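These features come from Swiss-Prot:
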type	residues	note
BINDING	LEU112, GLY116, HIS117, LEU118, GLU237	(6S)-5,6,7,8-tetrahydrofolate binding site
SITE	HIS220	site 'Plays an important role in substrate specificity'
MOD_RES	LYS221	N6-(pyridoxal phosphate)lysine
Amino acid sequence: MKNLILKEILNNELKRQQGYIELIASENYVSEQILEATGSVFTNKYCEGYPNRRYYGGCEYADQIEQLAIDKAKEIFNAKFANVQPHSGTQANVAAYLSVLKPNDKILAMGLNEGGHLSHGSKVNISGKTYEADHYGVDKETQCLDYDAILKQAQEVKPKLIVCGASNYSRVVDFKKFGEIAKSVGAYLLADVAHISGLIVAGYHPNPLPYADIVTTTTHKTLRGPRSGLILTNNEELIKKINSAVFPGSQGGPLMHVIAAKYLCFDEASKPEFKTYIKNVIDNIAILSQTLKELGYKIIADGSDNHLLSVDLYSSKQITGDLVEQWLEQAKIVVNKNLIPYDINSAKSPSGIRIGSAAMTTRGFTTKEFKQIGLWIHEIIESKGNPNTINKIRNEVDLLVKKFPIYQDIKY
């Protein structure tokens with residue numbers, strides 16, 4: 001690296017990733033071969049269109065790698081069709097909407113405050129500006145999806161598309177019930193499985209493909225790949241519409257270096273050790289949930305079936321998530337502040353924090369380490385961010401993470 005400014009920033013970020021406990025639910029650590037592919041010579045190649053149907057010459061090897069990625073994605077998800085070109089999960093959703101909707105059509109999706117995503121019809125997002133969005137939430141008592149209430153709302157709204165899936169929901173999503181609801185009102189069903197796609201591939205969460213018309217996902221998070229997107233379907237009538245909605249509908253040339261990395265991601269997820277990894281992810285979040293509950297914290301939906309959980313700090317300890325996020329980061333523990341269902345506080349100072357287990361499980365953390373994380377979180381909160389407590393735990397974190405090294409051979 002010749003540019004000294006960027007070299008310093010890259011090395012600082014490398015040290016941060018090596019030295020911190022990463023608990024952001026949407027983050028993970030990719031393998032070194034995925035890092036290598038993302039920085040490969042495919043960065044230079046432009047190739048609008050699809051394999052063997054390009055608008056540029058010189059695409060022989062680009063065609064090979066994209067077809068490999070398509071075939072491997074279809075294999076691991078048991079899908080008839082895969083489009084590996086979306087640049088992100090949001091881009092995948094934008095293309096999915098474009099394939100079946102017209103401007104001002106109605107969609108019904110999970111509300112942002114209840115655990116949905118910006119791209120599910122939020123007013124500040126293109127999805128909410130282009131389509132007429134209504135939102136369902138969770139039951140106020142259980143904080144779980146209420147399928148009878150969603151059915152009733154769907155009958156009233158009469159959407160053309162129902163979106164199921166979330167960015168902050170810790171329980172199993174019943175795709176079969178969503179499929180029945182969508183069918184009963186004549187709507188398409190889109191399953192956004194960005195957070196749980198790794199669990200689906202490993203067999204630890206039901207696959208939506210038998211019930212959903214379209215499935216979208218990111219390829220990072222629990223799939224542990226590059227930051228990108230993917231669209232799947234078993235509905236053969238939608239294949240051409242989806243392809244056209246991605247290119248030329250919402251994107252130009254695909255990022256071939258990222259598609260190369262996506263192929264490696266899908267290949268890694270097809271191995272037996274990936275299934276073991278996902279089981280450990282689930283076990284680790286379960287012990288963290290149990291530890292925090294025993295210490296007096298309210299866990300949203302009373303626990304987790306996947307890789308994440310949300311803590312209601314405000315009702316538990318009369319404190320907000322932004323403060324706890326800051327205190328924990330000072331101790332080298334990274335989480336994100338998050339709204340909880342029916343939150344009485346603002347997005348800038350919400351009642352909760354969201355915690356995920358995927359990244360640190362990649363580094364080798366077990367239930368022992370995740371129990372310790374719960375104890376540290378509690379100790380910092382009980383001290384109200386006392387600098388002495390934070391410094392003590394920061395030193396303990398330093399000792400722990402050194403036992404679980406990553407990217408030892410990388411230096412910029």
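Note: Cβ is positioned from N, Cα and C throughout, glycine not excepted.
The structure displayed is predicted, hence computed values, not measured ones.
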Recorded (6S)-5,6,7,8-tetrahydrofolate site residues LEU112, GLY116, HIS117, LEU118, GLU237, farthest C-alpha pair in Å: 31
Least Cβ-crowded entry, counting other Cβ within 10 Å, from the recorded positions listed as HIS220, LYS221: HIS220
Neighbouring C-beta atoms (10 Å sphere around the C-beta of LEU118 ((6S)-5,6,7,8-tetrahydrofolate binding site)): 16
Number of Cβ atoms other than its own within 10 Å, given for GLU237 ((6S)-5,6,7,8-tetrahydrofolate binding site): 8
CB within-chain contacts under 8 A for HIS117 ((6S)-5,6,7,8-tetrahydrofolate binding site), separation at least 6: GLY89, THR90, ASN93, MET110, GLY165, ALA166, SER167, ASP192, ALA194
Other CB atoms, at most 10 A from the CB of GLY116 ((6S)-5,6,7,8-tetrahydrofolate binding site): 25
Same chain, 6+ residues apart, C-beta under 8 Å of the C-beta of LEU112 ((6S)-5,6,7,8-tetrahydrofolate binding site), given in sequence order: LEU118, HIS120, SER122, HIS135, LEU339
Structural state of GLU237 ((6S)-5,6,7,8-tetrahydrofolate binding site), classified by DSSP into three states: helix
Pairwise CA distance, GLY116 ((6S)-5,6,7,8-tetrahydrofolate binding site) versus the residue listed as 'N6-(pyridoxal phosphate)lysine', rounded so that it is a whole Å: 16
Three-state secondary structure, which DSSP defines for the residue listed as 'N6-(pyridoxal phosphate)lysine': helix
Rounded Cα separation (Å) that holds between GLU237 ((6S)-5,6,7,8-tetrahydrofolate binding site) and HIS220 (site 'Plays an important role in substrate specificity'): 28
